[in-house]
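See below for the structure under consideration.
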């Protein structure tokens, strides 16, 4: 064993005898574990004659390996145990990752290694999976982010691999060809071996235990020396300075930057830069853009990363397309002011980058090499003369069809214009307050309306709160307003001695809405609808569903008919005189069910999509426990039936979900070939036939599923923020201690209980809410 690498009290790195590089993280407070395996090969390494081969192999791997086929393969095995799993194929890497309860980490890792080392590659399964890739390609052909990336690739030098087709589709995957099958196996043999892989493991197990798990599971991964990877081709010079892309949604400006002197963990600096960029405090960039009527928001994204180079995209949402030049000038003026003291300003933002609580997200940060030092020099390449401008507009004169990265775009050239000189602005970079010595506290406030308030009203008030949220964040307080159908909630988490200073002005702002809130709300609502239109049809339906589960409220501009309740943890209750609405006096009960079938349609372009949401028929603990267990049983079967057997599409799922203020079973599907009525028919048939499978469920398997569900429900949250959010979820769902009661009920569930719960589901006792695209 080669123990030459880094040592840390809670982490350790080593190399296994077969050459696999291993990174271990001991997380003693965790109850769940996670694994992340990276293959140092991706789409840019595949043979040019077979575009999509790397992505296709990623899909095929999930169909199982020699030791764990069928329902024992990783994905369905994890789903019934409440785990999560996914994968991602990029240009130079392919990642496979999952999380599960700690006791199942070893068994999950064995399945992961089996499917990567010994994929079955059955030709009939390949044909079925090729249709899944075709459905994924068709869905991505209308996906905003995919099309933006393809348009940015048009600006790169000719021959850069980002301009090649890599997603894969039916026509690019010649399964019947001996040459393709040979290339598939050669690609697997060349790259899926221990010397070309790294594995990260994280869990409550000791470092020695984690290492033993890896040794046992990874012994069968073939050992070979890592191959040398050629340096990536340069991103510069850009093929053009500016381009316009026709895309639904509000007008936007994307500034693309080529970075070519990055170091391994410069993502830390990019995260700090994104935090500073998105600051809504007075005097900052977003505040100035809003005051000048130029822009609404900004998002930073790494489009491509390979060795020392990256393509960075900053997307600004504009109030009007004509504001692009002025906005760009303001951004570079702000950036120039930032550079005067970049090191201290970026370092000051680092404490605001809260450590993620989700196991997979924590492990992802380790994969990225985080936490790491701030290095402002990596931002030196953000210059106007190294910038590719992409204008996004729903209406574009003179557009022509062009293909890039395998996707058809509607683009137009943009004449180079001399940079607009910005008026020098007195930029203010607010510094975070020193850390507080006080304990953390939490405050959750909820208002219940007699119906679903107008979306425009919520958006106007949320925007009015944003400067206050920005100020609170500088003091370590996370504050946000959320719409949950008939309920609105305001949440605050942070040092208990700073909560009152944050909540009091926020409540005053809610009571005294800005005088222009109606007009501003309508503008924001219109922009949100246009923004939503750029997403996948299934995503548009998911965004709309919470607001459709209740009766719309006639427009009001006061709080007189609202009732409120609250949950306070390690903090002081706000003075009731500050609060909008009337105190409920006790905890507001969950909303009552609305039995029967309710059908809504939404005008959505693109493929057919349909959601079926079945809220709980009662708030009884045994009923909810049974429905949660039903969800775990239905999830892999739903995927197998609709995705694998019926070949309906790529985007589909089912599970137990919270939708607005209601909880229940949610089924979702998007299809390029089946109409909404047909999708609903397939879902109904699936649910009707599921009773037969439930009746035949072996007692031993039921016992294992009961225990896995109970263990998840009893899982103790690690951080205070996790404990507070769980307490709030219990408050909304029926009261304190509900998770413990659900765990106890889960352990007592019988097969007859599941059959009874399935019958209640089929009878629509809690309601069947069907939301579909209009076809």
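A Cβ is built for glycine as well, from the same backbone N, Cα and C atoms used for every other residue.
The feature active site, proton acceptor is assigned by Swiss-Prot to 58. In the three-state DSSP classification, residue 58 (active site, proton acceptor) falls within a helix.
Annotation comment: Swiss-Prot describes 55, 59, 136 as Zn(2+) binding site, evidence class sequence analysis. For residue 136 (Zn(2+) binding site), the same-chain residues 6+ apart in sequence whose C-beta sits under 8 angstroms from its C-beta are 167, 650.
Listed in sequence order, 129, 132, 133 are the same-chain residues six or more apart from residue 59 (Zn(2+) binding site) with CB atoms under 8 A from its CB. Listed in chain order, the residues near the Zn(2+) site other than 55, 59, 136 are 52, 56, 58, 89, 129, 132, 133, 167, 168, each with its Cβ within 8 Å of the site Cβ centroid. When secondary structure is read from DSSP and collapsed to three states, residue 136 (Zn(2+) binding site) falls in the helix class. A simple way to gauge crowding: the CB of residue 58 (active site, proton acceptor) has 21 other CB atoms within 10 angstroms, across all the protein chains here.
In sequence order, 43, 89, 133, 166, 167, 168 are the residues of the chain that are 6 or more apart from residue 55 (Zn(2+) binding site) and have a CB within less than 8 Å of its CB.
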